[in-house]
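Let me begin by presenting the structure, written as structure tokens, before commenting on it.
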Amino acid sequence: MAAPEAWRARSCWFCEVAAATTMEATSREAAPAKSSASGPSAPPALFELCGRAVSAHMGVLESGVWALPGPILQSILPLLNIYYLERIEETALKKGLSTQAIWRRLWDELMKTRPSSLESVTCWRAKFMEAFFSHVLRGTIDVSSDRRLCDQRFSPLLHSSRHVRQLTICNMLQGATELVAEPNRRVLETLASSLHTLKFRHLLFSDVAAQQSLRQLLHQLIHHGAVSQVSLYSWPVPESALFILILTMSAGFWQPGPGGPPCRLCGEASRGRAPSRDEGSLLLGSRRPRRDAAERCAAALMASRRKSEAKQTARAAPATRVTRRSTQESLTAGGTDSKREPLPPATSHEAPGTKRPPSAPATTSSASASSSTSSSKRAPASSAPQPKPLKRFKRAAGKKGARTRQGCGAESEDLYDFVFIVAGEKEDGEEMEIGEVACGALDGSDPSCLGLPALEASQRFRSISTLELFTVPLSTEAALTLCHLLSSWVSLESLTLSYNGLGSNIFRLLDSLRALSVQAGCRLRALHLSDLFSPLPILELTRAIVRALPLLRVLSIRVDHPSQRDNPAVPGNAGPPSNVIGDEEIPENCLEQLEMGFPRGAQPAPLLCSVLKASGSLQQLSLDSATFASPQDFGLVLQTLKEYNLTLKRLSFHDMNLADCQSEVLFLLQNLTLQEITFSFCRLFEKRPAQFLPEMVAAMKGNSTLKGLRLPGNRLGNAGLLALADVFSEDSSSSLCQLDISSNCIKPDGLLEFAKRLERWGRGAFGHLRLFQNWLDQDAVTAREAIRRLRATCHVVSDSWDSSQAFADYVSTM
């Protein structure tokens with residue numbers, strides 16, 4: 001009897017509290033109604049009025065509300081602001097209540113954006129709070145504009161920071177200065193433990209103060225935090241100083257900027273122990289060689305440069321203080337100051353402000369980790385102090401008043417702050433000279449021969465495991481820096497380089513990957529490489545990568561246009577270095593997934609077969625736009641797959657003309673090891689469809705291991721669809737459970753007949769059926785009836801596509 005009594009007591013308490021505030025709330029509701037010319041509005045329901053009163057006094061009533069019975073609490077949840085709604089989550093779950101629908105409605109009403117159809121949202125609370133954090137940080141949302149977002153007892157940034165798993169920094173590094181400000185220390189501490197992915201999009205030129213803030217932010221989030229992935233997107237003209245800063249910090253190197261505050265966490269970690277003479281070398285690995293004269297010279301140059309920058313920073317300090325003060329004032333005005341949040345009741349699991357223990361510097365590096373950045377030219381003293389980043393490194397020769405530094409006596413450049421001179425020379429000639437100077441730098445010679453400052457003076461901490469560069473053109477000095485960092489980046493597990501304009505720098509990349517693969521503890525297992533052009537044909541490049549990284553598990557490579565070596569008639573066509581291309585056999589590797597996107601032109605089948613023969617563990621192969629000289633060459637590839645790749649489960653062909661390879665297609669469909677085959681836009685039924693379709697169906701009926709067949713874009717038509725229905729007949733041993741027939745000129749009457757045949761054979765549910773971009777809008781009633789019947793047999797995925805867009809395709813099939 002105790003439980004019902006407690007329930008009634010809580011209900012009475014709720015009614016008493018609500019009644020005490022009802023008159024005040026009613027007067028506020030009625031006042032505007034009397035003055036309205038349109039007449040009085042309908043009063044809110046009594047329970048809703050009571051709920052509003054309780055939600056407005058949650059600061060006093062929170063513990064009592066948490067103890068309310070489930071039915072009453074369920075009605076109050078939609079009336080709470082986002083802060084109390086987030087805090088009550090655990091209690092609601094214990095009472096069998098879900099807040100997901102409330103968070104979804106908040107997303108629709110406040111964020112006003114629709115998630116991507118490809119995105120599967122598992123937790124709307126986390127998604128909303130993460131987006132809310134980003135909007136508040138950038139100042140793109142006014143928390144005072146909606147009562148559900150505004151509460152003086154909470155800091156929007158601090159309260160939502162624990163849900164942030166992915167943070168995006170855009171344009172002029174907005175948000176970096178705010179996050180490292182002293183009032184937001186607890187916000188940054190929370191981010192250090194919750195944030196996993198850091199993204200940079202559409203970066204623009206930034207000043208020294210913004211870069212200093214970013215340096216502190218990256219140090220806290222990567223070196224002392226949990227960030228494991230850094231991605232850069234769409235940076236058409238990268239600022240070299242900023243790009244190299246992001247790279248070196250991601251690789252685990254840390255050098256406090258000139259005039260910057262010391263790291264509190266580093267001080268706590270080193271407090272209580274005497275500094276070691278060889279501390280720098282220990283941080284870089286026990287097997288690091290001793291510093292030679294050139295490296296000592298480079299370190300001295302860096303120290304000189306930092307002193308000069310410290311003077312500039314001191315002169316710019318007043319302006320910086322004004323900027324930071326105005327930034328903090330704007331944050332305070334927006335309600336984003338880090339006040340101390342009210343502690344939840346004793347039943348809450350929340351413990352805001354819990355300090356993360358500082359991470360100790362990593363000491364597992366087993367080889368030299370010096371960064372390599374090319375030496376830059378100092379601008380004249382009368383030039384503007386702002387850096388002028390360029391797409392390519394320019395020499396200062398011929399520029400009046402410019403000074404060329406040579407040797408150690410000249411003034412140095414810091415690793416993170418380059419000033420470039422625009423010279424009147426041709427870019428190609430300058431790149432060639434830089435390449436001549438840089439030759440051999442990645443083959444074991446001293447990086448100081450490039451004039452690159454050594455990083456031995458830097459401490460090395462925790463580094464990220466995933467690096468992604470999308471549409472970020474790499475200049476020569478940026479590519480050299482990346483390659484030199486990669487050669488000892490043993491913690492890196494996944495590397496993506498997409499449309500970076502590597503050009504001849506691909507050879508330096510191969511050298512660095514080869515050096516990385518021999519390092520003890522190398523973890524690189526996934527490489528994604530795509531570009532417009534490549535100095536190597538794609539198959540030779542694939543062979544070189546597989547030889548350089550024999551432990552690689554996933555390789556995705558795409559080249560959009562053929563290289564010069566694909567056209568021997570091009571004059572001055574020089575071959576690659578001898579250590580990159582060789583005729584020797586490829587050693588056995590660990591590849592499990594290989595994806596290749598080919599440029600136009602016939603590909604040599606023997607080269608592809610050599611890669612497949614060495615990849616005995618291959619489980620997934622995807623060929624995009626591959627062209628072979630003859631069907632026999634394609635058959636040679638398929639025969640190699642059957643003999644050497646016995647573990648292959650998934651095979652995909654996209655945008656390939658297989659109209660003349662019907663016997664090879666039948667050979668694939670009879671393979672009893674494959675579980676999934678994709679023929680996407682392969683023109684399968686362009687020739688002899690009446691003879692080929694029955695042969696194809698017969699091969700599939702006898703294959704009991706094939707689970708998925710994808711045939712989008714092959715002009716199957718109604719006749720082909722009805723022929724495929726025979727795969728599910730009673731005399732078939734097929735176990736097909738996924739079928740994709742998108743973009744196949746299928747009409748509603750054909751789809752309806754297909755559904756009736758499946759019903760007649762009674763095979764039961766066979767899985768998923770995809771029907772995107774077919775001509776189902778020509779008879780909407782028949783299409784709806786067909787889909788209704790199909791849904792009793794399988795899970796149907798379709799869309800409302802306008803078939804008039806496919807007029808040309810329709811004419812071609814008349």
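Glycine is no exception: its Cβ is also placed from the backbone N, Cα and C atoms.
Region 'Interaction with Elongin BC complex' is the annotation Swiss-Prot gives to one range among 45-54, 545-554, 605-614, and that range is 45-54. Other C-beta atoms found within 10 angstroms of the C-beta of Ser155 (phosphoserine) number 25, with every protein chain shown included. Long-range Cβ contacts of the repeat 'LRR 5' (638-661) within its own chain (Cβ-Cβ under 8 Å, at least 6 residues beyond either end) map to 609, 612-613, 615-627, 631, 667-668, 671, 673-684, 686-687, 710. As a whole-number mean, the pLDDT of the repeat 'LRR 7' (733-754) in this prediction is 94.
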